[in-house]
Amino acid sequence: MVRKAVASTISNGGYLQGSVNTRLSSLGGKEPPGQEKVVLKRKISLLRGISIIIGTIIGAGIFISPKGVLQNTGSVGLSLVVWTVCGVLSLFGALSYAELGTTIRKSGGHYTYILEVFGPLPAFVRVWVELLIIRPAATAVISLAFGRYILEPFFIQCEIPELAVKLITAVGITVVMVLNGMSVSWSARIQIFLTFCKLTAILIIIVPGVMQLIKGQTQHFKDAFSGRDASIMGLPLAFYYGMYAYAGWFYLNFVTEEVENPEKTIPLAICISMAVVTIGYVLTNVAYFTTISAEELLLSEAVAVTFSERLLGNFSVAVPIFVALSCFGSMNGGVFAVSRLFYVASREGHLPEILSMIHIRKHTPLPAVIVLHSLTMVMLFSGDLYSLLNFLSFARWLFIGLAVAGLIYLRYKRPDMHRPFKVPLFIPALFSFTCLFMVALSLYSDPFSTGIGFIITLTGVPAYYLFIIWDKKPRWFRRMSGSGSPGSLRRGLQAEPTACCSKRAKLGFFAMSTVTSTAPCVSPHSSWDCFCTSWKRAQPPHWFCIFKRRWTPSRFSSAISRKKVVHAGQSHMVVVEIEAQREISLQDSLGMS
């Protein structure tokens, strides 16, 4: 049902991409001649990309309780300014990610960019927290809103039973996971439909609001910048709530390898999506204030319901359905994107090997989807999800800011990189500062919760050294993690050799190098890749043949040496120093000839 994420030949039916070849292609390298690789298919068109971004940004908040901004500004006018500025700042972040996504053409979003620029430790910490807590808890929270609003029309006069909400929620989560595990196309089509429903719901609010303005209903905009609680002291928290409402613009970068013509599609999808969401958010809030006063909005538990009851009459019963569909769209888009994050992290050796497998016919990362489903179910029926998310809300901005700072770093350290899309440097600089401000604000406003979040995040450091760096693991631990032994490795090398070579290579601490002649590497087994590189730190440069199991991470942490099998977590590596014209095989390097 599933295959490892490797670069396979057509003859053995593989459908997946390998970590070595992925790294080469993402940095402008060429594939080894004589090999064809089949990858997660590029099925994300411009329309589907827009639906992913809009669908994950717009959740239930704008319909139910967009009062965090108003509560901390104290005035209608200032709240609208904050909504607009937050939209512009989010656009800056999205544009920075557009450059990163077209420069580093790999899926994974912040994880991939941090890995490429700052190395494996911070990248591992990012995916560690995302896998164990943030993504399962966030999916469970948005799905709980879905379950509650699905049931609301049936419990108008009484309280909705909590168990019923969780059962309906569990069904919704399962449906989303099945969609994402079985078909990329169907998941994307449903996402387009749900995005259309969200935009329709927003238009149902905006159009009557505009009509109210035309009729002269502007009493709530008089003295718009004054109010009983108006103060600039609450502006930082107002910006915090506003930026959180726009979160989701980065999800398309999680699926870069599946985007059609990413150099054009990613920037265009981001610009269109952010313009639509920003205009939609601002006009929706304007529409609310044509009918509802600031005081009434703060007291309302469901602003869209209150608004529709006053202007739309019986049609207000449809609002909970639109909210439920909006939540379902956020769930679907988030699961679609984040399952690729786990797939990429596993491909890099930072998560269990099984998560880098995909369905051989459906071309979906099915194991990653199943694991995410299991963790989400555990979160759904466990403790206080909202506290967990509050503890770790700062982590999102910390790692996003780190990724955008990496863009600035690459501008100075690698100015010659191919950048199909390039933003003015002040844009990533301003957004990095905004992310730093968000982290500092979290620490200032709630030091206890943020402190707990820091502790939870830092557990990724010992986990990294335990699971990734530690070489001398017990045999049972290696067997459970998928690592073999040198003996079993030797016994498996029986297939006919196949020649392979790459023109460019970047691996771990090896520098980028250009091979000017055919590399004399021969791979003796179909489950191994071989390629040639030079180590520029040596004077003169030395050639190395690197034989690498295809399901190993593309980075390795242990020191490598001549004619030595290296254990590095899940990896087996053989590095052999060679003469330029001498053909060498893995059997030679292991003394097996």
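Each Cβ is built from the backbone N, Cα and C atoms, and glycine gets one as well.
Bear in mind that the values here come from a model prediction, so they are computed numbers and not experimental data.
What TrEMBL says about this one:
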{"type": "TRANSMEM", "residues": "46-64", "note": "transmembrane segment"}
{"type": "TRANSMEM", "residues": "76-98", "note": "transmembrane segment"}
{"type": "TRANSMEM", "residues": "133-151", "note": "transmembrane segment"}
{"type": "TRANSMEM", "residues": "163-184", "note": "transmembrane segment"}
{"type": "TRANSMEM", "residues": "190-211", "note": "transmembrane segment"}
{"type": "TRANSMEM", "residues": "232-254", "note": "transmembrane segment"}
{"type": "TRANSMEM", "residues": "266-290", "note": "transmembrane segment"}
{"type": "TRANSMEM", "residues": "321-343", "note": "transmembrane segment"}
{"type": "TRANSMEM", "residues": "364-382", "note": "transmembrane segment"}
{"type": "TRANSMEM", "residues": "394-412", "note": "transmembrane segment"}
{"type": "TRANSMEM", "residues": "424-444", "note": "transmembrane segment"}
{"type": "TRANSMEM", "residues": "450-470", "note": "transmembrane segment"}
Problem set entry | Criterion met for the transmembrane segment (450-470) and the transmembrane segment (394-412) (at least three Cβ pairs under 8 Å) | yes
Seminar exercise, completed: Stretch winning on C-beta pairs under 8 A with the transmembrane segment (364-382) (pool: 76-98, 163-184, 190-211, 266-290) is 163-184
Problem set entry | Paired segments the transmembrane segment (133-151) and the transmembrane segment (190-211) in contact, 3+ CB pairs under 8 A | no
Exercise. Do the transmembrane segment (394-412) and the transmembrane segment (321-343) come close, with at least three CB pairs under 8 A (pairs 6 or more apart in sequence)?
Worked result: no
For this session: State the non-local partners of the transmembrane segment (163-184) in its own chain: residues 6+ outside its ends, Cβ under 8 Å from one of its Cβ atoms.
Result: 40-41, 43, 139-140, 143-144, 146-148, 150-151, 190, 258, 328, 331-332, 335-336, 339, 359, 362-364, 366, 369-370, 372-373, 376-377, 380-381
Problem set entry | For the transmembrane segment (424-444), distant same-chain residues with Cβ under 8 A (at least six beyond the ends) | 89, 92-93, 95-96, 99, 236-237, 239-240, 243, 393-394, 397-398, 400-401, 404-405, 407-408, 411, 450-451, 453
Exercise. Under an 8 Å Cβ to Cβ limit, what residues of the same chain, 6 or more beyond the ends of the transmembrane segment (266-290), are close to it?
Worked result: 46, 49-50, 52-54, 57-58, 62, 66, 76, 79-80, 83-84, 87-88, 90-91, 94-95, 97-98, 101-102, 199, 202, 205-206, 208-210, 212-213, 217-218, 220-221, 245-246, 249, 252-253, 256, 259, 297, 303, 307, 421
Exercise. Can you name the far-off residues of the same chain, 6+ from the ends of the transmembrane segment (190-211), with a Cβ under 8 Å from a Cβ of it?
Worked result: 47-48, 50-52, 54-55, 58, 62-63, 179, 276, 280, 283-284, 286-288, 290-291, 304, 307-308, 311-312, 315, 319, 322-323, 325-326, 328-329, 332-333, 336
